[in-house]
Amino acid sequence: MQAYLLSQQFNTRSLAENSTACPANATICNGTSCVLPEDNFNETLSVVLSTVLTIMLALVMFSMGCNVDIKKFWGHIKRPWGIFVGFLCQFGIMPLTAFLLSLVFNVLPIQAVVVLIMGCCPGGTASNVIAYWVDGDMDLSISMTTCSTLLAMGMMPLCLFIYTKTWTDSNAIVLPYDSIGISLVALVIPVSFGIYVNHRWPSKAKVILKVGSIVGAILIVLIAVVGGILYKGSWTISPKLWIIGTIFPAAGYSLGFFLARVAGLSWHRCRTVSLETGMQNTQLCSTIVQLSFTPEQLELMFTFPLIYSIFQLLFALLILGGYRLYRRHRVKTKTDVEKTVEKEDSKSTSSHAKINGGFVSNETK
């Protein structure tokens, strides 16, 4: 009888251990070996958030279009010097910088390829939002984003063919032309509606622009947070990629500003070109990487677009903060100078009035 009770206790303990070793949702459970149903949480979350972010992005680009003057926009298309400078930065400076960084840090071939893909991507739509906040040329910003996305269909394969020969066959990289096309449509259609609204109802366009700029700032933060949630298990990659992800956007901003200034563009256009150069379409880069490489290869470099996205945002916010401080100081200084000039003018006017018997000419009023 005692032996039977001990046997029952042992079986109960064994079942308890098995129940704790095997989750409740296991479809097959044999001891500690369990077959679990596929976890679709990330996939579902990705679809839901992608839908929300796409709608928000369309609204933001619509509001950015409300700040575009159709005559000025068409002027940039007819005299595309600013667009040409942006083109040189986007498909000249960025791929070359990616190539040099990969050589200097001597990363793995597969990691070098993802850095190059990032360098060959067109400008991202977040640059339009930041360009608005730094008083950039919105007509130039949107025309540059549109043109770089359109030209990416030809320039990306060419740049990847030139630069990836050192590490891999460029034919192994799959370019999602449908994604590029969707990005172009998602950019052009809402912006076109915004331009039309600004042309017909300028006062309403200003209100829409203010709301859209705030939504745009929220959108940028949301994209960063979503990336951290969906890919939280992919952050253990080579320290070299972290360093490149830090240097690369900073180099893009700096070199873009420098080249624009050398080309003789005005200061507000230099800021615009700088942002368009440093802020890449990281979503497009992630799509290309996912389509082109195996899961084993993705473990080595899949997080790089997210790292770049984080640091391009951080540097953009630093540029924005620095510009706002400069503007506040400049306006304050300018106001002080104007007050001093006004006091001097009033003193000279009063003394002139005393000399001339109180008469003050209309010219001095």
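Cβ coordinates are placed from backbone N, Cα and C, and glycine is handled just like the others.
Keep in mind that TrEMBL annotations are predicted by a computer and have not been checked by a curator.
Annotation comment: TrEMBL describes 45-68 (among others) as transmembrane segment.
Positions annotated as transmembrane segment by TrEMBL: 80-104 (among others).
Annotated transmembrane segment per TrEMBL: 110-134 (among others), in sequence order.
The transmembrane segment feature in TrEMBL is assigned to 141-163 (among others). Remote same-chain residues near the transmembrane segment (141-163) are listed as 64-65, 68, 73, 76-77, 80, 82-83, 86-87, 90-91, 95-96, 98-99, 116-117, 119-125, 127-128, 131-132, 170, 173, 175, 177, 180-181, 183-184, 187-188, 191, 272-273, 275-276, 281, 284 (criterion: CB distance under 8 Å, separation of at least six residues from the stretch ends).
The annotation transmembrane segment is assigned in TrEMBL to 175-195 (among others).
Under the heading transmembrane segment, TrEMBL lists 207-229 (among others).
Residues or ranges marked as transmembrane segment by TrEMBL: 241-260 (among others).
Among the features that TrEMBL reports, transmembrane segment is placed at 305-326 (among others).
Taken from TrEMBL, the feature region 'Disordered' applies to 337-365.
What TrEMBL records for 337-347 is compositional bias 'Basic and acidic residues'.
Residues or ranges marked as compositional bias 'Polar residues' by TrEMBL: 348-365.
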Quiz prompt | Beyond the flanks of the transmembrane segment (110-134) by 6 or more, those residues with Cβ under 8 Å of it | solution = 57, 60-61, 64, 67, 86, 90-91, 94-99, 101-102, 141-142, 144-145, 148-149, 151-152, 155-156, 159-160, 163-164, 166-168, 173, 180, 183, 187, 209, 213, 216-217, 219-220, 223, 238, 240-241, 244, 248, 271-272, 275-285, 288-289, 293, 297, 300-302, 304-305, 308, 313, 316, 319-320, 323
Quiz item: Same chain, outside the transmembrane segment (80-104) by at least 6, Cβ under 8 Å from its Cβ: which residues?
Solution: 111-112, 115-116, 118-120, 122-123, 137, 140, 143-144, 147-148, 151, 155, 159, 162-163, 166-167, 244, 247-248, 251-252, 255-256, 259-260, 263, 265, 269, 272-273, 276-277, 280
